[in-house]
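If you look up TrEMBL, you'll see 12, 14, 176 marked as Mg(2+) binding site. Taken from TrEMBL, the feature active site, nucleophile covers 12. Taken from TrEMBL, the feature active site, proton donor covers 14. Annotation comment: TrEMBL describes 23, 98 as substrate binding site.
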Ligand SMILES: [Mg+2]
Ligand SMILES: [Zn+2]
């Protein structure tokens, strides 16, 4: 029986689940950095990635080469356990990302976490008849959003749709980038936003924190992502009388080191692990 069926956790992908930008990673690994940099000033990012894939295809690089490059993306060692624990606790996990479906699914399958996610909202990515990877915009027509969202995708629009489809759920949103600001503004008072500290979304939130109705919990790296996410899940679960059955064995099975929350201590701050010094400088 799931312990936290009332929670939806929405993850950004680049620099949130993985510790780099997957588009940059593939371009760099396949030796196309100079071409990418020369076209970036004159092309929108999403269209440029489609162009880069056809340039690489013309140079003889295969989809297998792209796939191989993606299997070496850096990821903090605590992120996969955090995702598996949230899934095991019954949370509904989704991804909203401006990368593309091919990159995201390739990385997730490599990490063994694809089945943890119920939905992936991102730019379509598919292999055409010539064996070339094609990347298309998520929003086929321009969105009218006034927030700093890229022209091909407004993540706030996706978040609004999720909130209206699943109004009884509590939302947790994790992200780092400019595109994660719009969804942060859409969340309700009862929701939680987990911005990556000192990254663009954090800077935007800090400029006018009262614009964000959701509770804000920052994290710096994968270790803090795990602690902050699981603590937030634990606190939400403890606030529902029927769902206080997260057993310590469930937490321990996924190697979660924080103490589980008792009913009486549900709203007390949990003990936090001291940060290594380099995170404070
Ligand atoms: Mg990101
Ligand atoms: Zn937007």
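Glycine too: its Cβ is placed from the backbone N, Cα and C atoms.
Only 12, 14 of the binding-site residues listed as 12, 14, 98 bring a Cβ under 6 Å of any atom of ligand 1; the order follows the sequence. Around residue 23 (substrate binding site), a 10 Å sphere centred on its CB holds 20 further CB atoms from the protein chains shown. All protein chains considered, the CB of residue 176 (Mg(2+) binding site) has 22 other CB atoms within 10 Å.
Secondary structure at residue 176 (Mg(2+) binding site), taken from DSSP and collapsed to helix, strand or coil, is coil. Excluding 12, 14, 176, which define the Mg(2+) site, the same chain contributes 13, 15, 16, 17, 21, 97, 175, 177, 180, 196, 199 within 8 Å (Cβ to the Cβ centroid), listed in sequence order. Following the DSSP three-state reduction, the secondary structure of residue 23 (substrate binding site) is helix. Secondary structure at residue 98 (substrate binding site), as computed by DSSP, is strand. The number of other CB atoms found within 10 A of the CB of residue 98 (substrate binding site), across every protein chain shown, is 26.
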